[in-house]
Amino acid sequence: LLQLNPNVSVFQRKYVNEVKKCEEMERILGYLVQEIKKADIPLPEADVAPPAPLLKHILEIKEQLQKLETELREVTKNKEKLKKNLLELTEYKYMLQITQNFVRRAPEYESHLHGNFEEFQSVENEPLVDYNRTHRLSASLGFVSGLVHIAKIGAFEKMLWRVCKGYPFLTYAELDEALEDPDTGETAKWAVFLVSYWGEQIGQKVKKICDCYRCHVYPYPDTTEERQAVVEGLNVRIQDLEMVLNKTEEYLRQVLYKASESIYTWVIQVRKMKAIYHVLNLCSFDVTNKCLIAEVWCPVADLQNLRHALEEGSRKSGATISSFMNTIPTTQPPPTLIRTNKFTSGFQNIVDAYGVGSYGEVNPALYTIITFPFLFAVMFGDFGHGLLMSIFALLTIMYENHPRLKRSQDEIMKMLFEGRYVILLMGLFSIYTGLIYNDCFSKSINIFGSGWNVSAMFEQKVWIPEDLRSNRYLTLDPNISGVYNGAYPFGIDPIWNLASNRLTFLNSFKMKMSVIFGVTHMTFGVVLGLFNHLHFKKTYNIYLVFIPELLFLLCIFGYLVFMIFFKWLAYSAEDSASAPSILIQFINMFLFPSGETKSFFNGQVPLQKFLLSVAFLCVPVMLLGKPLYLYWLHSGGRGIRMYRSGYKLIRKESEEELGLLSCHDVEEGSNHTDSGHREGDAEELNFADVFMNQAIHTIEFCLGCISNTASYLRLWALSLAHAQLSEVLWQMVMRVGLRVDTKYGVLLLIPVLAFFAVLTVFILLVMEGLSAFLHAIRLHWVEFQNKFYSGGGYKFTPFSFKHISLHFNKD
């Protein structure tokens, strides 16, 4: 219920140590979760969060976590040591087994000791050294053996040759099995090498080179019997280590299983503890440091719940003195609270993305529920596409309680899931506008039968069979009896899909429809501004801002909408050819042509001059009315206004009066936050700033009426583009199908057509749907909301455990 106000807190961080303790427990829990995931043990989760622990249980949780961390780190450390020892013994065993092939005992190879030692190829292919000769020269001949990474063997060989000038002998062989790299923990291929050398100085150089290339060097026994004994001892030690390592891993897994049973509860409880201490740090202490004082925002409707919660908390904690609440006056603007549900939250998010409304301001989200999907559907009107979109939204709604959807971390999927009701309404409205346009996957549907009769043109002898052969196009005349039998019951007549002037007809229809919707939408936005002026008790804005804006908009663009409807109603098929152009009439309204022009009715020109005069007179009223009134109000009209209301406030800044008035207002649920904006404020008026702001607003509104009306023509443009693109893509699908049928036959035709049809629909739904969605957002933010909505507030974000995530993150 509460949102703390950090601006008035003294920020005495009394609970810093407690927050650090929670952070320490979070660190331990992070380590435990990491170890549990390493062991591939599932992390349990629940949809119901455990309650926050009591104060006496916090120390118990901390002791359990510290004890568990110490035990795990000790076991893990021992395990790593055992694994490292096992790896070293395994490498040593493989090294001894492979190097046995490097040394031969046959005396006939003794001559190789005095051979040419500068050829590496002979060293690799010939036996390295005779055993008997080695035994006789043991005082001066030495060996360095070990393992080196297979990728470094070439560089290692070259370095030995260059540094030692070819004196040492290198023999190596690749291991068949991949061993773990202790530096990276990943498996890698290794090579066993044996370097023989004479002289202590060369031996030191060889050892330094081995250290440089991070070779795993192991001692090399002198005799075969010693090597055999070492291998047998290694096998025994390896078996023992494997047994101990298995027991250690089994014990570690048991500890982790036991920890995984409580890890979820501990994580949620520590998060709640940290959140509580963070909020307590925002509170201030009284002078005795014996009680906490929290200055918070609370909705007036929830004050009784707040009192009940404080009493219940005092009772459960066993406090000798109960907690209590007082309302205090403040001049700071309150946060904005909009109560939403799963249906309205998506539309509210669209409005909040533009800006959070100021306290008490008209919320456009209520009207956006209808206008947003409708304007989207005007641009996306197609029965088939809207049906697919509605089915997708219904599926997400049916499975909205599925845990996988709720816990999804994918940004796109999360956005679609949160906006499922927005998508549903967009799909339903698209079905409606698709029926109006008579468009289903870019094809017309003849449900009720066309109102046009082609055969009547032959029956009335207007057409003869010769006309069909000699003319490519023929025009149906609705004035002939029987040709036109009335309007199509719902939507556009399907015969227009066959007409050569179909695009011209739809252009005229959708362009006029866009202007009507746009002017209506903007006028509604201006009217909503009236409720803001009434709520904030700024009566002067009604006369000096609202009425001039409404007259300016209606006298020009409202008259344009009037001419559209007048032409539809006043002219029929009989005299449609003589009807004047609306565009010409609208242009003549501003140009005042000298010659006689056609008009819709008598007195049209004087009426246009009158409307234009009223619109032009509204501009100086909007520009100068409010600044001059506020200047007069602050300079000479304050006393008159106060006496007129029946009293004169002498001590406006009196704390007692403010406290009494404000407390009464809070209890009654009235709004007292507009005190800084009321008429006759004692603060100094900066006339230049007021005039400049009003001038910017006036220019923006007057020019915006023109540009915003033109902006609504995107309804016409995107609607035609969607229909034309859909038709072009379907034609491409048909051409591909025809080529496949000709080349490969019918068996391949069906799957190819199905694939391209699905791909086409997906492109249209995603690409065109996203385009229409963005344009609908723009029409609401720029053309509609800027007429009345400032969006200069901040959201009411009360402390709540609901904001704490109940699930583990992927990381």
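Backbone N, Cα and C define each Cβ position, glycine as well.
Annotations in TrEMBL come from automatic prediction, not curation.
TrEMBL assigns the feature transmembrane segment to residues 513-531, out of the candidate ranges 513-531, 703-721.
Per-residue pLDDT, averaged along the coiled coil (58-92), amounts to 89 for this model.
Of the candidate ranges 420-437, 513-531, 543-566, 610-632, 420-437 has the most C-beta pairs within less than 8 angstroms of the transmembrane segment (374-399).
Ranked by Cβ pairs under 8 Å to the transmembrane segment (513-531), the stretches 420-437, 543-566, 610-632 are led by 543-566. Beyond its flanks by at least six residues, the coiled coil (58-92) meets 21, 24-25, 28-29, 31-32, 35, 146-147, 179-180, 182, 190, 216, 218, 230, 234, 237-238, 241-242, 244-245, 248-249, 251-252, 255-256, 259, 266, 269-270, 273 of its own chain at Cβ-Cβ distances under 8 Å.
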